[in-house]
Amino acid sequence: MNEMEKVENYHATHLNSDATQINSPTHDVDIEKGQFSGSHGTSGSTTPQVAHSATEQNEKENDSDSASSSSQTEDDIGFAPISTHQTQPPHQTRPMSRQSHNTTFSHISRSRSNNGFGVDDLEDEAEKEEEGADAEAAAARSGAGETIKDEEEKRFEVGWEGGDSDPLNPRSMPTWRKWIIIAVLSIGSFAVTHASAIYTATYTQMNAEFHCSRIVATLGLSFFVLGIAMGPFWSPLAEFYGRRPIYICSFAGFLIWLIPSAVAKNIQTMIIARFFQGLAGSAFLSVSGGTVGDLFTREKFQLPMAIFALSPFIGPATGPLVGGLINTFTTWRWTYYFLIIWAGVLLACVVVLVPETYHPVLLKRKAVNLRKTTGDNRYHAPIERTTKSVASTLGNSLLRPFQLLLLEPMCLILDVYSAVLLGVLYLFFGAFPLVFRTNHGFNLWQVGLTFMGLGVSMVLAGCITPVWTRVRNGLAEKRFKKTGIMKGEPEDQLPPVIVGAPLITGGLFMFGFSTYPWVHWIVPIIGSSIFGLGMSFAFTGIFTFLVDAYPRYAASALATNALVRCSFAAAFPLFGIQMYEKLGYQWATALLAFLTLGMMPFPYLFFVFGKRIRARSKFATRS
């Protein structure tokens, strides 16, 4: 056999092996590396080289580890470093100007978020297996010629030059610029949720002008929160158009819908405008968390995500204070003038300071530029090869959350638990003025100050986040000593909920039975702070557990949670005042405490028996 025949046989053997490995359905989820892999595209390089058999064996072993991994903490959410594995045949070299590192489309995570957690829904396993089988069958039929054609296509798949160090990669930005982006987005998320609660300070003046009852005015709060509930269902649009257009359009819509509230002549206009404010702002909330993963590597991800995740929860706690100050010293319409000015400045900051950071869209732009500069139309980005439509993606984002809610008991119970907690928080917007005005004679802005106990406790909970990371690591090490396998389980995310549950119930009982005129006003505030601390722990644990337990449907799991949470938050204020007036301040709060007491055992039960429950689940990870 001459030298040319040897080279041809070598290529046919190894390229077929690579194609089979690439199309294997075992390329599923690499949780430990923070990578979500699917069948959207294939992994390749524009600088091909033939891998040796030892390297291929290592890659297969890594893929096997990837498919079996199921542990994902909040640190894992977002983008992992873009793969830059290169191959190059010995007989061919390419000019540097035409080279591009490979990027598997599945490694470019399509992040969606709500309240700061950016996650993806992965492809259905059945779809993956079917596509993998089809690919293998096609390869068998077509032979080496088709395989070489596929390798040719992979050669021109555009990726990041040098991984995260590519100047076009958002992760290569200077640190100061990254933090400016995080600051703008965090303040924007804070502003949206702040607007939900600041409205409660306008009741007295607005009701007198519009001649409406308190319960009708409360609909403005409820409809705003219902609008926020729709946010996760808009986030798939970022997969097609990028994050920046969503930011600009949503915040512009938020700003526009504030204007009718400022000039409203009747309560009907106010209620309708409030709904669309929440709807527009929710799109901003649902997409912005993924930007943190766009900008920071896994090692530096925790601090910016902790800050960002905290901002939408602090917003409701500060709203009554700012609204109280405005409505004490001027008219209620200045509440909306203030929000319009704030939203206008933030919109300008988003336009000027927040660039596009969504990796697939940036790679598409890079591919377009390469096609223009080189005249070679074979260059393409992974996102340009996807066959998903906007309609099908939106359809799945609407259907799957309800499937999880109806078929997954753990998902349902934890969603209801977190919904009760958020419902109680929004019920406090009516209960606090009753308690502190009636018992202690507080004025409007002093009542707003009483919510600072909740705000301080939420900040404290954010500072304690590293403790839960150490707890999870300790559980993984303990499991390693028993099994010899170093990996985490979704149930490792539940200790914050287990600790937070008694704090929630105890804080509510303390608040309820200290609402007597002869008890100092600081005591119920301390009780509300304990409740806020436990609630923050519970939210942190529930969110991360849902992402870990349902990694393939993480975005849908959080969308379900957001829908149930916001529905309860919209409903509770509508009956809160009547309940406190009928049952009394003490027993009305005690009723809420008993609700949380009834749900207290479930986090512990899921911690102990969760793995068995997941083994019977259609949607949860079984490993």
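The backbone N, Cα and C atoms fix where each Cβ goes, and this holds for glycine too.
TrEMBL: automatically predicted annotations, no manual curation.
Remember, predicted model here, so these are calculated numbers, not experimental data.
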Of the residue ranges 112-140, 518-546, the one that TrEMBL records as transmembrane segment: 518-546
TrEMBL annotation of transmembrane segment - which of the ranges 303-322, 563-582 it falls on: 303-322
Per-residue pLDDT averaged over the domain 'Major facilitator superfamily (MFS) profile' (181-616), given as an integer: 88
Long-range environment of the transmembrane segment (404-429) - Cβ separation under 8 angstroms, sequence gap at least 6: 197, 200, 221, 225, 316, 320, 451, 454, 497, 504, 508, 528, 531-532, 535, 538-539, 542, 545-546, 549-550, 553, 556-557, 560-561, 564-573, 576, 592, 595-596, 599, 602-603, 606, 610, 613-614, 617-620
